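Novice: As annotated by TrEMBL, transmembrane segment applies to 30-53, 65-86, 122-143, 150-173, 185-206, 218-239, 251-275, 282-302, 308-325, 337-355, 375-397. Here TrEMBL flags 32-427 as domain 'Ammonium transporter AmtB-like'.
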Amino acid sequence: MSSLRKFLVGGTTLGSLAFAAEVPKIDSGDTAWMLVSTALVLLMTPALGFFYAGMVRSKNALNTIMMSVASLGFVGIAWAVLGYSLSFSEGNGWIGGLSKAFLSGVGLEPTGAVVPLTVPHVLYMAFQATFCIIAAALVSGAIVERMRFVPYLVFITLWSLLVYAPVAHMVWGGGFLGKLGAFDFAGGTVVHINAGIAGLVAAMVLGRRKDFGRQAILPHNATYVVLGAALLWFGWFGFNGGSAVASNGLAGLAFVNTMLAPAATLVVWILLDILRTGKSTAVGAATAIVVGLVAITPASGFVSPMNAIVLGIIAAFPSYFVILWRAKTKLDDSLDVFGGHAIGGITGALLTGVLAQKVFNGIGDGWLYGNASQFLIQLLAVGVSIAYSALGTFVLLKLIGALTPLRVPVKEEGMGLDITQHGEEAYTSGEGAILVNADPIAPATRARAVGGTD
């Protein structure tokens, strides 16, 4: 298979392309790279848990990690049962069908997918599952410290099927945005705009935390935030590099761009912090890394390494100032999912339409290289992703909220969700403690886990 054909496996116009003349064969190198990439992207979800947990108060750290970890199970199973079929089977321009429900026809051969493959179909399914899993987990950052855990599980499961899957199909699975030629190499629209807008809507529907605006709510563990960002960056090499679905030059390009763009964003962010306050914070640096990674995601296989640096530099500004603006409003997007992921994704998606070069991607140029129409296509893809995610998320939350309360009671919110939702604490003194009293609101009666009674 030529390098161009391998590139098209990871591109965005895949649903309209077919290579029936040649029977696909498994390539061992491609398969090895995709095995590694799938594991790398799966690591990103617990990494996100640490990134988010460090930014909340200590009484909610465990709950925040659990909101990410739970996505591995609930969204992962939903993907295998229905999500993959709704995203990557033949349907209409908006959503796939049910021909691959329960992984029907998803086997060991590289056949039966809506895209040409040189890896086992089942491995491609697993790779795409990791994207859906982390997209759902990303939403949790906007609603931490106040949402009941069981309604949250219901929400992310349904969101993965009814919001994420249709957007994935529209862009990657043969839907109308892909056929129009929208460029999204690894998920700027599908993952980050989608999750960022969902987080914004969820924050508005749930309302503010009870202490929001009354007291400073600060990160309780900046080292967790930096650790999470570092692990996210590590996993993102599989996120973007693996989206080539081949071990080839395109994967190498995406890999290098994933190194350079967030590095550029980090430099600009640190300088902005120093100019504004005279100091550079670790949390700000970690946020910058994530913003740069988000922004390069749609462009990683379409732009040159130098343009990746340009993109990273530009991406720092809108997210930085939107996050500052949000902090002055009454909007409690707790961990700035909108500013980081939606704004970063929008910036990256639009700049892909400006900076893309056919000499690197084999498909088409951006506005800067004579193809202004690509920017308009990107603008349409961004608009559709925003509108669909906002509407779908709002309807889902309202329906779930009509059946059961979305928020914990005020008293439980004050105690912290670690105890009230999980019966555990992230931090205990001595040898550790367990909650003995079944009623978390009653005075906490505790026994030592090791060493008998006090």
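Cβ coordinates come from backbone N, Cα and C, glycine included.
Bear in mind that TrEMBL entries carry predicted annotations, made automatically and left uncurated.
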Novice: The transmembrane segment (150-173): which same-chain residues, six or more beyond its ends, come within Cβ distance under 8 Å?
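Specialist: Distal contacts: 12, 14-15, 67, 70-71, 74-75, 78-79, 82-83, 86-89, 91, 93-96, 114-115, 128, 131-133, 135-137, 139-140, 143, 182, 184, 189-190, 194, 198, 202, 381, 384-385, 388-389, 392-393, 396-397, 400-401, 404-406.
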Novice: Taking contact to mean 3 or more CB pairs closer than 8 A (sequence separation of 6 or more), are the transmembrane segment (282-302) and the transmembrane segment (122-143) in contact?
Specialist: no
Novice: Pairs of Cβ atoms less than 8 Å apart decide it: which stretch in 65-86, 218-239, 337-355 has the most with the transmembrane segment (185-206)?
Specialist: 337-355
